[in-house]
């Protein structure tokens with residue numbers, strides 16, 4: 001079988017597995033977020049937090065919960081890294097410098113997992129397992145909570161109430177993320193991912209002498225790293241490291257985990273909004289973009305244009321033998337179209353166009369299918385923009401799911417889609433104009449520009465993958481990327497929750513013959529077009545200077 | 001800001017902190033310990049790194065982690081020369097260097113992150129190709145440069161790739177047989193034994209595990 005055909009079969013198997021899993025999981029999540037029952041352990045947790053999980057919150061209180069919880073998390077994770085050097089369980093590693101500790105704390109709390117450190121030689125057991133991996137769960141649960149609050153905004157009427165943040169946070173963690181992670185971690189161990197606390201120890205090697213391994217709770221971190229679309233690797237090489245991703249089966253399984261919740265949430269949305277077909281329209285738009293990007297990526301990587309790859313006879317630089325071109329391409333697209341940023345191959349060594357596809361995937365706003373929670377709310381914002389554009393074309397007041405999209409709603413949606421491009425392009429422009437940041441580049445010319453554009457795109461969109469030639473462990477990059485990460489995560493959440501509040505207050509508009517049918521393929525097509533045009537217009541000039549210039553020159 | 005809003009901000013921050021601590025116990029202590037317990041009970045060897053042993057029972061490394069097969073470094077040499085008795089792995093030009101916490105000679109991972117038009121990468125690929133052709137050409141066997149597969153001249157993502165392609169293994173058979181005084185057919189059969197196909201016919205790529213192959217090869221040389 002040719003590698004291309006095997007790659008298509010892998011993609012087909014992945015689609016089949018997702019199709020089977022998304023229905024039950026989507027329905028389960030709809031139940032989790034609609035139920036008014038609390039399990040006994042959950043009641044203990046609420047008592048420890050000191051909150052009443054049944055108290056409904058309007059959007060400002062919901063937002064205060066999100067921000068307070070995240071602020072506490074950033075502070076805790078920052079301090080944990082700062083005192084690592086004097087803590088037991090740290091493998092003798094020293095404390096992390098303030099700028100890097102801030103960057104890492106912001107990054108993991110914001111579901112980004114940008115890493116300017118090298119895992120195996122910087123972070124001990126306590127920080128990895130008790131700090132970083134914990135945020136893999138909690139940042140994902142926060143994303144899901146905000147998405148569910150927006151869905152409630154569409155589903156509820158004549159109330160400003162969006163649910164209880166603490167209940168959503170706890171339920172998402174213990175009823176969705178934890179059970180799947182336990183199973184996922186054990187599957188990964190069965191494939192060969194390590195799971196021990198043996199620390200740094202010596203192992204014999206073939207030519208005599210020994211090598212030193214850094215053991216750790218790798219599989220348990222790996223499972224939630226993919227499932228929660230986080231992406232922060234235990235090791236420097238991330239999911240390319242054989243102890244994180246040992247074989248082709250674990251590879252496909254990790255891609256499956258990345259895409260599972262984001263796709264399943266469309267079903268949850270359909271259930272909670274009272275029309276499964278509305279969920280399918282969103283799912284269709286996501287799937288079309290994802291499959292299209294994957295096909296393009298396979299095409300350009302198999303074609304291996306670029307001087308070094310043509311001499312080598314294939315684009316295998318930065319890719320593992322066991323995954324090959326296809327298994328690497330499918331992973332690269334899944335990780336950049338979600339907010340994951342885990343890598344099983346190094347995007348900086350992709351072909352010019354291949355690197356461009358990873359960049360564009362993030363620039364779409366990571367909505368196809370997007371991060372856990374953030375993918376759904378990002379896509380629903382685009383859905384609002386799409387009905388607005390359609391409304392302008394036919395001259396009717398736009399509505400979506402029975403809610404009027406008026407001035408306030410469209411202002412909030414517009415603010416949402418302006419935040420990340422402003423951060424990405426602004427910071428990139430400043431970094432390129434200043435003399436010092438450019439010293440961090442490994443490659444020169446168009447690719448060097450792409451390294452910086454990639455860094456801010458990845459940070460502001462909360463992805464976390466990198467054109468890792470860039471030496472990002474400098475005070476400049478640690479600080480500015482950290483700021484881009486925080487603003488790129490929490491400002492959009494403000495607009496989403498404000499929008500949710502304004503929608504929940506409305507009374508529903510009755511559907512008429514003139515209402516745009518947003519549960520039809522035609523609308524899904526309009527949505528895809530809207531996304532591509534808005535992103536294209538925003539980022540085309542920057543992409544032309546980077547990956548397009550590199551791709552066309554090779 | 002009134003006292004009231006300061007008070008309510010403090011209250012919600014306190015709730016946030018308590019939520020974080022409680023959930024840290026669940027996700028950062030109970031979860032990893034439970035998974036470790038189950039993993040150690042069910043998959044003890046794999047959870048500890050899939051170590052493999054030679055026929056004498058000595059641990060020679062992990063079947064998942066690539067190694068170098070080099071001669072002992074000579075004085076004044078920048079990089080040790082490859083020990084051509086053994087099958088050679090892929091290049092690894094992007095491994096990290098032990099830095100801040102250098103009290104360890106730790107096994108590090110890393111990619112080169114060089115782009116396709118990077119001058120250094122172009123030079124590495126050209127040099128690696130020339131070396132592969134030169135090293136593997138024996139008195140009776142000449143390597144055609146067009147037969148050198150891409151994995152033989154490029155660094156992997158982890159720098160610890162335990163595998164090479166069957167094409168690269170095949171290309172090394174004559175040299176390895178020659179250096180060890182073994183019959184070419186025997187070495188070829190050994191490679192065939194250690195070639196893994198795609199799982200279920202479509203998952204991953206065909207590959208050869210270099211450490212397992214070299215361990216078996218050493219067994220062969222010791223017996224003959």
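The first residue you see is number 1, and the count goes up from there.
Backbone N, Cα and C atoms are what each Cβ position is placed from, and that goes for glycine too.
Copied over from TrEMBL:
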SIGNAL    A:1-21  signal peptide
TRANSMEM  A:62-80  transmembrane segment
TRANSMEM  A:137-155  transmembrane segment
TRANSMEM  A:176-197  transmembrane segment
TRANSMEM  A:249-268  transmembrane segment
TRANSMEM  A:280-299  transmembrane segment
TRANSMEM  A:376-394  transmembrane segment
TRANSMEM  A:415-434  transmembrane segment
TRANSMEM  A:481-501  transmembrane segment
TRANSMEM  A:522-544  transmembrane segment
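Per-stretch counts of Cβ pairs under 8 Å to the transmembrane segment (A:62-80) identify A:481-501 as the leading one among A:249-268, A:280-299, A:376-394, A:481-501, A:522-544. Highest Cβ pair count under 8 Å relative to the transmembrane segment (A:280-299), across stretches A:137-155, A:176-197, A:522-544: A:522-544. The transmembrane segment (A:376-394) shares the most Cβ pairs under 8 Å with A:522-544, out of the stretches A:176-197, A:249-268, A:415-434, A:481-501, A:522-544. Highlighted: of the candidate stretches A:137-155, A:249-268, A:415-434, A:481-501, A:522-544, A:249-268 has the greatest count of Cβ pairs under 8 Å to the transmembrane segment (A:176-197). Cβ atoms under 8 Å from those of the transmembrane segment (A:522-544) belong to residues 281-282, 284-285, 288-289, 356, 359-360, 363-365, 367-368, 382-383, 385-386, 389-390, 417, 421, 424-425, 428, 453, 516 of the same chain, restricted to positions at least 6 beyond its ends.
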